[in-house]
Amino acid sequence: MLDINYIRQSPEEVAGMLKKRRQEEDCATLDELLEYDRQRRELVQETDALKALRNKVSKDIAVIKRTGQGSAEDLIREMKEVADRIAGMDETLGEIEKQMESILLSLPNKLHPDVPEGYSAEENHICKDPVAFDHALDFPLMDHLDLGNKLGILDFERGAKISGTGFPVYIGKGARLERALLNFMLDCHTENHGYTEVFPPFMVNEDSLRGTGQWPKFADQVYYMNEDNLYAIPTAEVPVTNLHRNEMLKDEELPISYAAYSACFRREAGSYGKDTRGFLRVHQFNKIEMVKFTRPEESYDALEKILQNAEAILNALRIPYRVLLLCSGDISAGATKCYDIEVWSPAEKKYLEASSCSNFEDYQARRANIRFKPAGSSKPTYVHTLNGSGLATSRLMVSLLENYQTAEGTIVVPEVLRKYTGFDLID
């Protein structure tokens, strides 16, 4: 959530950001917000003046009653009218503040100067040359779906029978390989990268979704359990960031770094017509999430660190990948700057997103009320929050199976995973 003081002082800057994000329609909403803000400030001044008058006259009435000098009836009648006016103005003020909050929750975050301007994913910048590993794929390739079916390690048909399309089933060595990936990534982040492991709930309340920015704007992407008023998490970012909702952190605690495994659930509304084969687009998948809480001046260094931590996983697995800096028309609403890591699918002959690493500055912290007191200061300020996929296994599995396939249709297990799987070949 943006600071209303920043919006009031820099409306042209906010409008420019909305245009860069291709959200010109929100400029009218911005004007509406500024008008509500003007009305609110006027009302606050008026009510404060009336409350000051009421306090003064109440003391005068008390003196008259105590001394018996004169009648206080006229003043009492006048103050009742003032009290009624204050009550009506407070009610109007509450309605205005609700409207302001609704608009503030819907506005996207400001953009970092490094973010390139662009309309869509086609205009994202490749900021790191593709990292390649020689897997000697000089034979007719199978895609991950055919490999999974042939080897009996994936079953999308039975997943569809159980739950519907987009719910995969891992079987035998496929399940073991998935678990190995997750354990390897968690161990790498906690033992090598300094993260504290968290195992969060997979269902959250509305306040948690609001805190990280999925609610209300992206509510249609989230699975909802109406009877219990709970939501299935789209990412561990939601519960882990909300660990510190409504908390005042200590300066010496920062930065805080968490790594969490979770299943992720996404409706993917509006994805019809896109390539939905196999793992390319699913409703349930597994992911390791990295989440950081930092001092404001340290957050962009922390973003680069998160990116390095995610890349370290792919380098250890020897998975080909590239890094993109997202443009203004493709970056998520809450992020000020975001890198995507895409892994190479040799069968699809294209890169697939496997990780997003984002800095939200104080956007989520304002929504979730996460603050700290800087050393030497008595005034609290908001932390900066960051997160990154470290990584999502669905598309990572696509790249792993396809890059590690052999001419015989078997899968060589990456060396770093063998201590977790207990085998080096899937046949």
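Glycine is no exception: its Cβ is also placed from the backbone N, Cα and C atoms.
Binding of L-serine is attributed by Swiss-Prot to T235, A236, E237, E289, and within the candidate set S389, S394, S399 the record adds S389 to that site. Ranked by CA distance from A354 (ATP binding site), the binding-site residues T235, E237, S389 have S389 at the top as the closest. For the L-serine site listed in the record, the two most distant Cα atoms among T235, A236, E237, E289, S389 lie 9 Å apart.
In sequence order, G166, F167, P168, S394 are the residues of the chain that are 6 or more apart from V282 (ATP binding site) and have a CB within less than 8 Å of its CB. The secondary structure of E237 (L-serine binding site), as reduced to three states from DSSP, is helical.
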